Structures are given as structure tokens and as C-alpha cells.
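According to TrEMBL, the protein has these features:
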ACT_SITE  86  active site, tele-phosphohistidine intermediate
ACT_SITE  189  active site, proton donor/acceptor
BINDING   85-92, 98-99, 135, 189-192, 200, 216-217, 260-261  substrate binding site
SITE      259  site 'Transition state stabilizer'
Ligand SMILES: O=C(O)[C@H](O)COP(=O)(O)O
């Protein structure tokens, strides 16, 4: 088993049997997934070593056409989409199946969230989506504490009329200095059924490595009384299409803090991965991944290495301008 340091070096992805791992000419690690006659590198999946930010364009996604979104694409607009898997939780640390059990971050998870925040501190964020689970919410909040714009992330309470009313802000100026944080159960981790709370290693010893791998990574085989990735994707991707894409279309910059499997299903949708390819997709805790949404297309930008990394900002004029503005404001 790879050490946590090695896993970190491999950035957001490690590859399982269908792929190969090699170093490219620039000495950066690249993971490849063989798909029929195609060989798609992890870089092309946007899942690259932290120092590598080469981009690729994905075919247009199906945009929600319904006028109810009321979202008219901005003419030359582009928006940032940041995806972050929560930092290490207390049950990640104990190697327990967690699923929808609501456990907090470990101190290491807190550090990972802060580190993730530093890596995206120059990227604009207008609205944050998290699951309804505390580990994703802690990650979103801790990451935003690092943002140079210093807006205040505020959880939107729409669970009842009273909660909505009691959490109103009565200053337009204060509202402008805040970022709404929308929590949605649809972005929760896949429900792990009767595996929740069991130790992953002990479960593999008891049921066999292959069986446990099938429960954990196959696309359509659910663990006992739990959700398969396909079932998780049904709710997570539907939410992404209905609620989040209209925001991007309207020019809003979005961050999503969620979970290994809810994010795998969203990446599967964005990158048009097949159910075979998604088996090899692994996300590390606390590694942000950036996409640029432009003219109906998602452009993968990999994982920003740090606030001063040139690639991300050189790549789009808007990001460069945003960063310059921050430099001007906070020097
Ligand atoms: O729910 C869990 O146990 C983890 O967050 C994800 O588990 P996995 O690596 O088995 O998908």
C-alpha cells in the first residue's frame, strides 16, 4: 500500500489495475487509462501532479435548456469551478467505511483544508456548494479562510421558513462581502449501507479483496443495502445539472466541497468517463481541482499548485485580471 506521502505526491489520483503509471519527459507523474484504442493520460483527465497544469477542452456538456434557470450565458464570460474532496476525517484515519455517517475532520484534515485554501486563494469564488456532512462543510470554511478576497462564507438556511427568516442579513453592503454556502444532501458521500463503520482492511480479510474492491469501485454494484456509484451519480449529477450549471452559465464562480464518490460521479460526467474508466479514478483528500467553464464547455486545469503558480493565471485573462486586482487591493 502506498504511504500517505506517496499518495499525496501522486496528487489527486492513483490508478488501479486498468491503467499504467509512468513519468513523462518533464519528469512529472502521469497516470494513463487505456480505453480501447485510446490511451487517455491522467493529465487529460485533469488529474495531474500538482505542478502540472496543462489544459484540455472537454466537449460541451448538455446544458439545462429550461428557461426556469433564467441563466443567459455571458457573451465572453468564463467561470471557475473548483472541486475539493474534504480533508482527512476521523474515520479516514481509522480506515473505516464512512459513507453518510457524519464525522468531523482530523487535525491533519484541518491542515489539508487550509492547504487547499492556499492553493486556490487567488481564484474567484462567488458561491460555495457543500454536502450536508460536516467534513465537507469544515473543509469549505477552512479553505475559504485562506482566500485573499476575505469575503465571509455564510451558510444559507432554507430548511424551514423560520430558519430562512431568522438568518436574514439586512445590509446590502455586508451581503456583498459574503459568499453564500449552499448545503445539499445530494452531494453527500455515497451511502455505504451495511459497510458503514466497518474497518476496510478487516472487511477485505473477511469477504475477500476482490469482493470489497467491487463494492468500493465498481460502477453499478452496490455494497449491501447501500448505494452504487451509479445510484450516487443519479442524485449528485442531477443536482449539479439543475442547480450548479445554471450558476456557471450565469457567470458565477463556484466551489464544491464534497466527497470521494459524489465528486467521482461529477468528474465522470464532466470528463465523459465510461463506467470502466471511472473505476480507476481516485481522489485524495484536500486536493482542489480547477475547471474553467466557457461557452458551454468545461476546460480541465488540473490542480493549482499554489497561489503564485503562473500557469493557472497565465491561462485565462480573467483569472490573471482577478489576481492583479487582489494584488492591488491587498499589497
Ligand atoms: O465513505 C468512505 O469510507 C470514504 O469517504 C470513501 O470510501 P471509498 O474509498 O471506499 O470510496
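Glycine is no exception: its Cβ is also placed from the backbone N, Cα and C atoms.
Close to ligand 1, meaning a Cβ under 6 Å from one of its atoms, are these of the recorded positions 86, 99, 189, 200: 99, 189. Remark: of the recorded positions 85, 86, 190, 200, 259, the most isolated position is 200 (fewest other Cβ atoms within 10 Å of its Cβ). Candidate recorded positions: 99, 190, 200, 259. Nearest to residue 86 (active site, tele-phosphohistidine intermediate) by Cα distance: 259. Counting every protein chain shown, the number of other Cβ atoms lying within 10 Å of the Cβ of residue 99 (substrate binding site) is 22. Rounded to the nearest whole angstrom, the C-alpha distance between residue 85 (substrate binding site) and residue 259 (site 'Transition state stabilizer') is 5. Between the recorded positions 88, 189, 189 has the most other Cβ atoms inside 10 Å of its own Cβ, all protein chains included. Comparing the Cα of residue 259 (site 'Transition state stabilizer') with the Cα of every entry in 88, 91, 190, 200, these being the binding-site residues, the smallest distance points to 190. Around residue 91 (substrate binding site), taking its Cβ as the centre, 20 other Cβ atoms fall within 10 Å, counting all chains.
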